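Here is what Swiss-Prot says about this protein:
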SIGNAL    1-35  signal peptide
ACT_SITE  His74  active site, charge relay system
ACT_SITE  Asp113  active site, charge relay system
ACT_SITE  Ser189  active site, charge relay system
Amino acid sequence: MNKNVMVKGLTALTILTSLGFAENISNQPHSIAKAEKNVKEITDATKEPYNSVVAFVGGTGVVVGKNTIVTNKHIAKSNDIFKNRVSAHHSSKGKGGGNYDVKDIVEYPGKEDLAIVHVHETSTEGLNFNKNVSYTKFADGAKVKDRISVIGYPKGAQTKYKMFESTGTINHISGTFMEFDAYAQPGNSGSPVLNSKHELIGILYAGSGKDESEKNFGVYFTPQLKEFIQNNIEK
């Protein structure tokens with residue numbers, strides 16, 4: 001990848017206590033001791049659902065509509081987001097979908113770590129964003145013990161933005177909060193959490209534990225959150 005596109009920067013999965021969710025999480029039951037480590041590298045991300053996943057400096061996002069990406073607020077608010085381009089489904093061997101400048105950001109007005117990022121349609125290479133990505137569909141819902149996958153860019157610059165997918169199980173859902181045991185590392189913030197049909201349940205926003213995150217947490221997409229996202233998809 002062009003060094004001007006993805007520069008080495010902060011790729012930390014946000015520390016749990018630094019988030020507004022921390023006060024809610026402390027009261028939630030946690031049933032797992034260590035995350036599953038079922039992880040595989042996605043070397044060719046040109047097919048669904050992988051071609052809907054994008055890399056930011058320090059995080060991940062998922063495409064949900066025309067020029068529209070969902071990620072975390074703490075990724076969208078990064079000082080680097082307007083300086084560095086968004087890379088569409090970059091992988092180590094497959095053909096990437098281009099590198100795009102950020103147009104604007106719409107933060108969710110509530111405490112949830114959720115934001116919309118709009119990109120310019122034409123990449124620096126002359127590619128069309130919407131012809132080189134897929135749009136991930138929303139799931140109707142999810143429940144405890146459902147199997148999930150998390151796709152993203154753990155350790156971003158350290159791995160030269162290789163894409164990885166991990167699998168696990170939902171352990172708890174309460175309102176817009178969910179806990180699961182799919183393995184995650186710094187750089188997975190904003191990663192889509194998908195069901196077995198590759199439908200979007202929510203996005204990862206934090207983890208606890210050291211190198212092997214013992215618990216991982218996501219923003220669960222309730223009807224209200226899905227409405228916010230759908231209302232901010234470019235027409």
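A Cβ is built for glycine as well, from the same backbone N, Cα and C atoms used for every other residue.
Sequence features, as recorded in Swiss-Prot, placed on the structure.
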{"residue": "His74", "record": "active site, charge relay system", "DSSP (3 states)": "helix"}
{"residue": "Asp113", "record": "active site, charge relay system", "DSSP (3 states)": "coil"}
{"residue": "Ser189", "record": "active site, charge relay system", "DSSP (3 states)": "coil"}
Cα-Cα, whole number of Å: Ser189 (active site, charge relay system) versus His74 (active site, charge relay system)?
9
What number of additional C-beta atoms lies within 10 angstroms of the C-beta atom of Asp113 (active site, charge relay system)?
27
